[in-house]
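Undergrad: Just lifted these from Swiss-Prot, have a look:
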ACT_SITE  ASP527  active site, proton acceptor
COMPBIAS  711-723  compositional bias 'Basic and acidic residues'
DOMAIN    57-143  domain 'Doublecortin 1'
DOMAIN    186-269  domain 'Doublecortin 2'
DOMAIN    406-663  domain 'Protein kinase'
MOD_RES   SER32  phosphoserine
MOD_RES   SER36  phosphoserine
MOD_RES   THR46  phosphothreonine
MOD_RES   SER305  phosphoserine
MOD_RES   SER330  phosphoserine
MOD_RES   SER332  phosphoserine
MOD_RES   SER337  phosphoserine
MOD_RES   SER347  phosphoserine
MOD_RES   SER352  phosphoserine
MOD_RES   SER353  phosphoserine
MOD_RES   SER392  phosphoserine
MOD_RES   TYR536  phosphotyrosine
MOD_RES   SER742  phosphoserine
MOD_RES   SER751  phosphoserine
REGION    288-393  region 'Disordered'
REGION    711-756  region 'Disordered'
Amino acid sequence: MSFGRDMELEHFDERDKAQRYSRGSRVNGLPSPTHSAHCSFYRTRTLQTLSSEKKAKKVRFYRNGDRYFKGIVYAISPDRFRSFEALLADLTRTLSDNVNLPQGVRTIYTIDGLKKISSLDQLVEGESYVCGSIEPFKKLEYTKNVNPNWSVNVKTTSASRAVSSLATAKGGPSEVRENKDFIRPKLVTIIRSGVKPRKAVRILLNKKTAHSFEQVLTDITDAIKLDSGVVKRLYTLDGKQVMCLQDFFGDDDIFIACGPEKFRYQDDFLLDESECRVVKSTSYTKIASASRRGTTKSPGPSRRSKSPASTSSVNGTPGSQLSTPRSGKSPSPSPTSPGSLRKQRISQHGGSSTSLSSTKVCSSMDENDGPGEGDELGRRHSLQRGWRREESEEGFQIPATITERYKVGRTIGDGNFAVVKECIERSTAREYALKIIKKSKCRGKEHMIQNEVSILRRVKHPNIVLLIEEMDVPTELYLVMELVKGGDLFDAITSTSKYTERDASGMLYNLASAIKYLHSLNIVHRDIKPENLLVYEHQDGSKSLKLGDFGLATIVDGPLYTVCGTPTYVAPEIIAETGYGLKVDIWAAGVITYILLCGFPPFRGSGDDQEVLFDQILMGQVDFPSPYWDNVSDSAKELINMMLLVNVDQRFSAVQVLEHPWVNDDGLPENEHQLSVAGKIKKHFNTGPKPSSTAAGVSVIATTALDKERQVFRRRRNQDVRSRYKAQPAPPELNSESEDYSPSSSETVRSPNSPF
């Protein structure tokens, strides 16, 4: 008993023990329960226990083998995660994509990989862990990729300690200042969402006006005055949400302010002609001079004003009037300014401080307006950084190894992360497309681009858009791509005068040949749809399809769990999240075949409610309604049914599709009845007129893996999803292979009796 009391009193001061023993004692020598040390400790221990139970443990998680991922901080508490499995599920939603952890998070390792975590109790406050799937632990210096500023509250006991521990107390002002090294004087344009023409204001951000993300949001609310009240969200013109203060100081300088209301990309993020003119008038010379005013020591109330005050003083006009006077001065930051200190870092990002988004939305006006002060400013920037302006208007130098072999022409496509230029091989006069990916736009996600390019390197097939050549430099990645000029699949159908089952059969023959080749390499495309099927016109007048856009493609070495793709063409096993493989491409091809023969998809939702569509896909009930299918052969319907089987094992493989009579011409009807599907395709799909026949091919090339992040969607699982998914009957007479490992065909794959 005495030993227990000594243990209990360890946390008390030794000099108070004697007083506590003698004070309030009774005749029997026992201390009074009211004043005893035991009673005091009992109350303290209870409060500490309750506090520790409620307190969240802050830990950092990395992705196994991902040397570019800086980790994500999680607050682990019993209220948030009731079980270890719940934590794994949440980590899967956060960390899994089509490249990293495609099978989901199934294992958590300690940072050294020596131990596997199996319960929440094993997670230690402030430590770091590595999330993996079924692959072995990959030993990397994960903590070397982490910015030490990932927590303001870190207190290290020694400089050599690899992993910092987190403290619960808030850091002091000095720590906060250290974490604002990214702040530099910058003038941003804020456009309010809503009916056009929209109000816009310019706000100066610097270390005096940008104290925190919440404070900047408050200042923007005061300046922009949304009809719906408080500004809840900010987006770049690319649709990326601004999540923290540092996002204001990236490459973007135009932001859309939104309240709690819903928004549509085509309505809110696309600027009309008047808004382009207004944005273009935002001279970067003005920004530079405003930056100098923000950094120099000058008396007056402007140094103490908040962002809205800075807005009016900097602009000199009301917020809705964005035109500024032209100035011939070019920005030249002082040797001690943040701009000069970061000159080397800016050059690694691609150089000019001009926003890619603002350049993109005003490109059509720039072609007609002639050279202006902004062009002269960009030319000075390019000369300062050693770029050859005459070779590239976007501000990057094309490597000599490419210009020696190819004549690079005008820009024909502009995506979120890539630019596409005309490219003609000098020796053969053959026309290609030069895809230029700016690495500054992909910072932190380079692995996604690398995955796409690595797959393009491996594939070489007459029904696949080819990668001809690549060149990797520190600031850009150059890809010489095959340019397909015949439009996409929908263009071919809607523009033809006569369209029959034989044409549809030839199209499926081309598509199945490409899928067969990919599956023989264990590559799954995951985004097969008409927009990614381009029409190639041969010299003899015949046509064939080429499959492009490998942004979601990946190697299959086990079940995949990432829910991604285009909803109309997504397979049921993807939605059910039970694990999927190569045959999701066959399902998509089956949906396309159905559309080719009637003009509308087999599974249709109601409005924007994707759950209705997903439920139909999970059921897998394929109907052939009259009169749309009255003139279609039974052989075609049979093939579609076999391609759209919910049971993956019974679903056709690519080899079986190619061997089917309807595809190899044996099952085609003798009387070629013309199919009237063009009007239905125009009604059910967005197939508006394109500016040129090459627009579809350029659009496919301009797309990158980073654009596909929007196609990774999440669906709340219903309790009966798996039961419905597994309950579908399968024809017992078929015993097809579960995967397609057939060798690839080396000859040009074209249906012998069809233009395709």
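Every residue gets a Cβ built from N, Cα and C, even glycine.
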Undergrad: If one measures from the C-alpha of TYR536 (phosphotyrosine) to the C-alpha of ASP527 (active site, proton acceptor), what distance in angstrom results, rounded to a whole number?
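TA: Cα-Cα, rounded: 20 Å.
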Undergrad: Taking the Cβ of the residue listed as 'phosphotyrosine' as centre, how many other Cβ atoms lie within 10 Å?
TA: 20
Undergrad: Under DSSP, is the residue listed as 'phosphotyrosine' helix, strand or coil?
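TA: In the DSSP reduction, the residue listed as 'phosphotyrosine' maps to strand.
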Undergrad: Among all protein chains shown, how many Cβ atoms are found within 10 Å of the Cβ of the residue listed as 'active site, proton acceptor', not counting that one?
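TA: Total other Cβ atoms inside 10 Å, all chains included: 26.
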Undergrad: With DSSP as the yardstick, break the domain 'Doublecortin 2' (186-269) down into helix, strand and coil residue counts.
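TA: Summed by class, the stretch gives 21 helix, 25 strand, 38 coil.
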